[in-house]
Amino acid sequence: MALIRVLANLLILQLSYAQKSSELVVGGDECNINEHRSLVVLFNSSGLICSGTLINQEWVLTAAHCDSKNFQMLFGVHSKKILNEDEQTRDPKEKFICPNKKKDDEKDKDIMLIRLDSPVSNSEHIAPLSLPSSSPTVDSVCRIMGWGTIKPADETYPDVPHCANINILDHTVCRAAYPVLLAGSSTLCAGTQQGGKDTCVGDSGGPLICNGQIQGIVSWGAHPCGQGSKPGVYTKVFDHLDWIKSIIAGNTAVTCPP
């Protein structure tokens, strides 16, 4: 297992690769070492793919557009240069994407549940994040975090995850910025009206955390990142609670909300 952890760290160092549609944290600072215990790194032989969120010992929540072949997940990592003794690596056992997702629309129902090949153990640097008990309100202060680029216009990747505070914005702000976004979309609009803080390349699939609960999944946004007039778009976890709980309970035929 030690060899696997070292290999995983070496792979994460290969951060020259990032999906075009991925997102990352700009305008933030290094996360506190113990504030991202639920943050998961999805990687393959090319390097970083996405982030994810541990929601219990056996399940990870991420974005559907993060789906890839032959990826692994790394838990409990803070610095790419310093190994945490409690880091753990897992393979996906099962992956679930909304069966009613539009196949030709990457932005539609951008949510994926991953069942691990074996449960992870809670530790100093690993713990699940709670699912939402209610929908977040406009102006709520929420936390974003990830391994994505820290510069809005080019790909500069940090050695540690970065975190920043942003706000839940009225959905009309994102609809004005992105005409393709439907009024009834199960998404959250989040950012800062003055700009400068945003998820960006490399942060896709990571969490939007409000009051200690995962309320959103990093999905998509503008490039360059951090534009006040073009906030980030996040999959709204609260709207998908029934689907998430049904899948975990074994009802894999359930569909997501329209």
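Using the three backbone atoms N, Cα and C, a Cβ is placed for every residue, glycine included.
In the three-state DSSP classification, HIS65 (active site, charge relay system) falls within a helix. For HIS65 (active site, charge relay system), the number of other Cβ atoms no farther than 10 Å from its own Cβ, over all displayed protein chains, is 21. The active site, charge relay system feature in Swiss-Prot is assigned to HIS65 (among others); the stated evidence is similarity to another entry.
In the three-state DSSP assignment, the secondary structure recorded for ASP110 (active site, charge relay system) is coil. The local packing around ASP110 (active site, charge relay system), expressed as other Cβ atoms within 10 Å of its Cβ over all shown chains, amounts to 27. Residues or ranges marked as active site, charge relay system in Swiss-Prot (evidence: similarity to another entry): ASP110 (among others).
The active site, charge relay system annotation in Swiss-Prot covers SER204 (among others). The DSSP secondary structure for SER204 (active site, charge relay system) is coil. Cβ neighbour count for SER204 (active site, charge relay system): 31 (other Cβ atoms within 10 Å of its Cβ, all protein chains included).
Summarising the annotation, Swiss-Prot assigns disulfide bond to CYS31-CYS163 (among others) and lists sequence analysis as the type of evidence. Other Cβ atoms within 10 Å of the Cβ of CYS31 (disulfide bond), summed over all protein chains shown, number 20. CYS31 (disulfide bond) falls outside any helix or strand according to DSSP and counts as coil.
According to Swiss-Prot, the disulfide bond annotation covers CYS50-CYS66 (among others), on the basis of sequence analysis. Its own atom aside, the Cβ of CYS66 (disulfide bond) has 25 Cβ atoms within 10 angstroms in the protein chains shown.
What Swiss-Prot records for CYS98-CYS256 (among others) is disulfide bond. Secondary structure at CYS98 (disulfide bond), taken from DSSP and collapsed to helix, strand or coil, is coil. Around CYS98 (disulfide bond), a 10 Å sphere centred on its CB holds 20 further CB atoms from the protein chains shown.
Look at CYS210 (disulfide bond): DSSP puts it in a strand. Every protein chain considered, the tally of other Cβ atoms within 10 Å of the Cβ of CYS210 (disulfide bond) stands at 22. Per Swiss-Prot, disulfide bond is recorded for CYS142-CYS210 (among others), and the stated evidence type is sequence analysis.
Secondary structure at CYS189 (disulfide bond), taken from DSSP and collapsed to helix, strand or coil, is strand. Cβ neighbour count for CYS189 (disulfide bond) (all protein chains, 10 Å cutoff from its Cβ): 26. For CYS174-CYS189 (among others), the entry in Swiss-Prot reads disulfide bond.
All protein chains included, CYS225 (disulfide bond) registers 28 other Cβ atoms within 10 Å of its own Cβ. Here Swiss-Prot flags CYS200-CYS225 (among others) as disulfide bond.
The domain 'Peptidase S1' annotation in Swiss-Prot covers 25-249, and the record cites sequence analysis as its basis.
Annotation comment: Swiss-Prot describes ASN44 as N-linked glycosylation site. A simple way to gauge crowding: the CB of ASN44 (N-linked glycosylation site) has 15 other CB atoms within 10 angstroms, across all the protein chains here.
Look at Swiss-Prot and you will find 1-18 tagged as signal peptide, backed by sequence analysis.
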Local Cβ density at CYS50 (disulfide bond) - other Cβ atoms counted within 10 Å:
32
Cα-Cα distance linking ASP110 (active site, charge relay system) and CYS225 (disulfide bond), given in Å to the nearest integer:
19
What is the nearest of the disulfide-bonded residues CYS31, CYS50, CYS142, CYS256 to CYS174 (disulfide bond), using the Cα of each?
CYS142
Give the three-state DSSP assignment (helix, strand or coil) for CYS256 (disulfide bond).
coil
Which listed residue (CYS142, CYS174, CYS200, CYS256) has most other Cβ within 10 Å, given these are disulfide-bonded residues:
CYS200
Would you mind listing, in sequence order, the residues at least six apart from CYS163 (disulfide bond) in the same chain with a Cβ closer than 8 Å to its Cβ?
VAL25, GLY28, ASP29, GLU30, CYS31, ASN32, GLU35, HIS36, ARG143, ILE144, MET145
